[in-house]
């Protein structure tokens, strides 16, 4: 199909061009322009809203109440306060009272996750255990820190009748202030025995668990070393996987084929053996009883079931072998892409650091998000709890929707950070692929890709991540409803909820894959998100079988790579822990190390997977719009070029064979008769 180009020498356009829209003209890395600017502005406004929530919590005192603490009358410790209407003892000057003291710090509400006790602002936490009210009086007189309610004078503590309700529960444990949050916390954590009673009892009574925890404590240096080993192995695997990908692919293919054939053979053997045994048994039973019984019917049902299994396995194996036969050439493309992806990591070594940068960005954002969420917990209008008489701060009216806004921000911004990683990788790989002379690559293609992203394509990334957010939020809501109704809903409702959750999960995965290819198309042609997604989708549809092969074979090869890293790390762990003769102490350290190794391998090999997908899109565009002739030379690597040449030779041989078979026999005989006739010879 010829490529339609826009004429720059004349403004005249033929009538056909008015009706038929011209095809996409791919110009890799030639034109750069801002894409999806309205979405960039929308995302900027959303970020301003997120910052506004943080500013609101700070301006209204929510942040100060969280950090410095506040008493049960709405006064913030360590500062002068304004009186609250209808609340006595509010508006006090607590400039000298900087610490929060709970009258009963061990009274914890596990469900509401808060301390159910009156709180006061004090100038000093109790530095020793106070067993009597005379001790409370002595501590107040000597240190100036009154531990009972503000209206009770310290020198009268032992005589006041209100001391049982408005003074701390005796004995008052020794406390220390937290470093930042200024809360008086008991030094003896056994005060919280109620809160952790089940865990403490289990640990103290279970000698096996004690030994496992002791094993982790004794092997902490080995655990850290093995985690670093998993990190190094993941980096090395991304470089050397191009050398072992062919072996892994063909081993996988052989195992799948042999496994299918073996399973089918075993089922047929079981069926034949069962049938022969059944015939002998039924013959004997008929001779003895002269009529069929229930046992014979059950035996026939078992044989019928084995036959169904064997036939199903045969059909499956036949389909699988046909797929392997038709897709064998496309497996070679997967191997070639893995080979080129290994070269990409050699030319772009900073790709290895991207998972660290992404993890750091996500961690910083999550810390900020949790901090603002805690600020929101102490922000709002003061309200007096009629049951307890204590003051609580609650968001009312439109302000209560700030928490939902903040929750949406968690999902959208997290997806935005992950999408920035995908766009950065896509931009770097596109630069590598469409640069003919690899010696002329930018000094830091990764940094160049980041700068292009920040200058031109933040709107595209914001739009793609918002689409994922729109799918993820309903799924999370349905998961929450399913957990809340667990054991209460009927079977039909449970099935419908799980079906909806599964469908939304599948849709999210499909959109993630399409978004990733849309980012690559944007990196190539600098088009907006919708245009890039449409162009990428058309390319993927035209190469559907290749996409299926790469996603099945390639993903399984990467999964084998993850298993290889976990296995090597576990083997090294066994060797390192061999000095501990109590083998039960190995279990927990090895589980921790293996989980960390799999997580690290998944993070690094996901980058490798993105590289392979982007390379395939570039390869599909290259083969569609170029043919190797002068002026339309390929951009692809030598390994992909060999694959193209092999494909062309095999296609030419197939065409030649089809043309020979299609030539009619009569034409051959007529040509031979004309050649043998004397009048046809030329002078």
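Each residue, glycine too, has its Cβ placed from N, Cα and C.
As annotated by TrEMBL, region 'Disordered' applies to 651-683.
Look at TrEMBL and you will find 37-58 (among others) tagged as transmembrane segment.
Annotation source TrEMBL lists transmembrane segment at 222-241 (among others).
Annotation comment: TrEMBL describes 247-272 (among others) as transmembrane segment. Long-range contacts of the transmembrane segment (247-272) within its own chain (CB-CB distance under 8 A, at least 6 residues past either end) are made by residues 303, 306-307, 309-310, 313-314, 316-317, 320-321, 324, 331, 334-335, 553, 556-557, 560-561.
Positions annotated as transmembrane segment by TrEMBL: 306-326 (among others).
Long-range contacts of the transmembrane segment (346-376) within its own chain (CB-CB distance under 8 A, at least 6 residues past either end) are made by residues 50, 53-54, 57-58, 62-63, 66, 235, 238-239, 395, 402-403, 406, 409-410, 413-414, 417-418, 420-421, 424-425, 428-429, 432, 438, 441, 444-447, 603-604, 606-607, 611. Residues annotated as transmembrane segment in TrEMBL: 346-376 (among others).
The transmembrane segment annotation in TrEMBL covers 404-434 (among others). Under 8 Å from some Cβ of the transmembrane segment (404-434) lie the Cβ atoms of residues 28-29, 43, 46-47, 49-50, 53, 344, 347-348, 351, 354, 357-358, 361-362, 365-366, 369, 372-373, 376, 441-442, 445-446, 448-450, 452-453, 457, 460-462, 464-466, 468-469, 472-473, 476, 515-516, 519-520, 522-524, 607, 610-611, 614-615, 618-619, 622, 635-637, all in the same chain and six or more residues away from its ends.
Annotation comment: TrEMBL describes 556-580 (among others) as transmembrane segment.
Outside the transmembrane segment (586-619), and at least 6 residues removed from its termini, the chain residues within Cβ reach (under 8 Å) are 28, 212-213, 215-216, 219, 222-223, 226-227, 230-231, 233-235, 237-238, 241, 333, 337-338, 340-341, 344-345, 351-352, 354-355, 359, 422, 425-426, 429-430, 433-434, 513, 516-517, 520-521, 524, 536, 539-540, 543, 546-547, 550, 554-555, 558, 561-562, 565-566, 569-570, 573-574, 577, 580, 635-636, 640. Annotation comment: TrEMBL describes 586-619 (among others) as transmembrane segment.
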